[in-house]
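Asks: From TrEMBL, for reference:
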DOMAIN    1-172  domain 'N-acetyltransferase'
SITE      Gln47  site 'Crucial for catalytic activity'
BINDING   106-119, 142-151  acetyl-CoA binding site
Amino acid sequence: MQFQFPLQKALQTNQNGINVISASNSRRNCYLDEVIDRMGEASAIAQQLKQIITTASKFYGSDQRIYLKADGKDCLGLLKVGKKNLFYRDYSGSIKELQPLCVLDFYVHESVQRMGVGKELFEEMLKSEQIKPEKLAYDRPSQKLIGFLNKHYNLNQYVPQNNNFVIFNQYFGQGTQPIVQGRSQKYSRNSQIDQLDIMVQQISQNKMNQQQQPQQKLGYQMSPPWAIDNNTNIYNNINTQRTNVYKIN
């Protein structure tokens, strides 16, 4: 995104053209406000959000940090992080209170996407925050961000939450192992597929006289035992076991 002024007026970038703005320590100025507001607006449009989540007025006074990638008069990307108090329900239904560092907004301008800008910005954030990607929580991540994390960091399994934050299984040191009744168990992929085939046959036989429901598309989510089936209003234990082995290829 191009501005009418050189971004060094608003930013003090490092040798890679990346600047870290701390809401509590950075001096506010009109140039920086314009950069944050316009990049935040562009991010909301790109993610089809109902409202803008990154603005200068919301940012200052918080404990958040914004990472900006600049080149001359162009701002190429924005990444915002901050801590949040979250209630996390695990696969067995137990609730934990966490305070992870969260990725709250992540946007790379369309003109420079798929050119390594996002990876460079993300790596700079990891280095500065001294954290690993699996130890972050992600606020309403887009499909592009989910794909990015899977491609570069092999993060692809998580239990969906009502608050729409994504915390990957590796956050708890569980790796890619499925969670069954609160324990981690190791299965070979072939063994899982064999068990899944048997389960599918049993389900088909039991539901021959029932109206067939649309089959859920394979995805990256793990439906927990406490998930509610909106159509039948019962606990969806069987679907949980089926989705337990789903993983992004």
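Numbers here mean position along the shown chain, with the first residue as 1.
Backbone N, Cα and C atoms are what each Cβ position is placed from, and that goes for glycine too.
Heads up, TrEMBL stuff is auto-annotated, nobody curated it.
These numbers come from a predicted model, not from an experiment.
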Asks: Roughly how many Å separate the Cα of Gln47 (site 'Crucial for catalytic activity') from that of Gly118 (acetyl-CoA binding site), to the nearest whole number?
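Replies: One finds 15 Å between the Cα atoms of these residues.
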Asks: Given the binding-site residues Val112, Met115, Ile146, Leu149, which one has the fewest other C-beta atoms within 10 angstroms of its C-beta?
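Replies: Across Val112, Met115, Ile146, Leu149, these binding-site residues, the one with fewest Cβ atoms within 10 Å is Met115.
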Asks: Looking at Cβ-Cβ distances, which residues of the chain lie under 8 angstroms from His109 (acetyl-CoA binding site) while being 6 or more apart from it?
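Replies: Expected: Met1, Ala42, Asp74, Cys75, Leu76, Gly77, Val117.
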Asks: Around Gly118 (acetyl-CoA binding site), how many other C-beta atoms are within 10 angstroms of its C-beta?
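Replies: A count of 22.
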Asks: Would you count the other C-beta atoms found within 10 angstroms of the C-beta of Phe106 (acetyl-CoA binding site) for me?
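Replies: Summing over all protein chains shown, Phe106 (acetyl-CoA binding site) has 24 other Cβ atoms within 10 Å.
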Asks: Can you check which residue among the recorded positions Gln47, Gln143 has the largest number of Cβ atoms within 10 Å of its own?
Replies: Gln47
Asks: Averaged over the domain 'N-acetyltransferase' (1-172), what pLDDT does the prediction give?
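Replies: A mean pLDDT of 91 is what the predicted model shows over the domain 'N-acetyltransferase' (1-172).
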